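For 23-373, the entry in TrEMBL reads domain 'Acyltransferase 3'. Look at TrEMBL and you will find 30-49, 55-78, 99-117, 171-197, 203-223, 273-296, 317-342, 354-377 tagged as transmembrane segment.
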Amino acid sequence: MSDSVASSPPMLARAASTGRRLAEMDGARGILSMWVLLVHVIYLSGYLLDTIDPAYRAVLYGQEAVDVFIIMSGFVIFRLLSLKSEPYRVYIVRRFMRMFPVFLVCLAFAIAVRPLMWELLQELPYPVERAQRMQVAMMQSEDESFWLHLATHLTLLHGVIPDAKFPFSTLALLAPSWSISLEWQFYLIAPVVFALLKKKNRWWTAALVVLTIVVAMVGFYVFSSKYYAPSFLPIRVQFFAMGILSWFIWERWSGEDGKAVVRADLLIWLFPLVYFLTSSPAMTMWFVLLMATFAGQRDQVRGLGSGMSWVLKRKTLVYLGDTSFSMYLSHMTCIYVCQWVLHRMYPEISREGMFPLLLLPSLISSLIITALLNHYIEKPGMDLGKRWGNHLNRHTARQGVVAVSQH
């Protein structure tokens, strides 16, 4: 599910040293967004993980795709901070306007179709008892505490509140937005972490590494059981840290002499070792993506990495990645609406029948809604954020001139 996510901003990355667009990352976002949509169509058709052949469960576990988005967010946000020096308030205004307008519209869309979701839950003919029980409990929580859910969502910090304290805080109203809250938590602290790391003080660096390890362990052993989704930053801090580490490696290796690119093309063969060391499919997929992006920075380089780079830079995938933020937030609501229509047309439909009938309408409607959101909400919101940020920059500069003239 930002210069992320499930939810990552669609703005195309550019290498610091070469100024070249990192279209591979956008292509990867496009693939990941389609992966998440497919998983949710399967899930909402009634196929829970425990009903699926174990051989396919890893592929159909959508959390891995979201975790790659999270790693990518760490990489791209640190790249942004490296390329653009600006006051904290300008940075946070731009990040806020990158996310909030689309989030607000998708939240309103999801709230508007809640009656259809409730009707669907009551009438589905195929058994998904465990999922239905959770959905019913969540919607009851929404009814009982609607205004509190809405208020916490509007802060983008609803993911901080443990579900053990406020039931379904992370998933209520707009389920995919748990990762948007996670991204926002990272955005709030990223400039501080960046400033400390750029001091190039080994003690600061060592302290941050130790702190990250401790926070990750606390997140896993203390907090992970208190949330339905990993929406609290300590639970996923290791993935952001991997993205940050990747950026510093990139900054060091993305020279113009071509040596780093050749080395990266060879390193792509080490991805089985990465999986062996981390046991994380998401980190392994990120490693492969990063190496393909390294390789793609020199057109003359050939090999597996360059081949993957060529695939990821196809226009269709880049477009899907460019609009992936709107897709991530809107697709589940589109699926619910399509499923409601199909259920009205075929009341006795089985889950075997629902999935093939649901997939294409869900994909088409999600693409249409995504295109509209991107054109009318997302891009204007980003432009407004830039103008607002530029205004704040000018205001800060004027204040500086006045302060100097008074001395």
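Using N, Cα and C of the backbone, Cβ positions are placed for all residues, glycine too.
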Contact call for the transmembrane segment (317-342) and the transmembrane segment (203-223): at least 3 Cβ pairs under 8 Å, seq gap 6+: no
Which of 99-117, 171-197, 203-223, 354-377 contacts the transmembrane segment (30-49) most, counting Cβ pairs under 8 Å: 354-377
Stretch with greatest number of CB pairs under 8 Å, the transmembrane segment (99-117) reference, 171-197, 203-223, 354-377 candidates: 171-197
Across the domain 'Acyltransferase 3' (23-373), average pLDDT on the 0 to 100 scale: 85
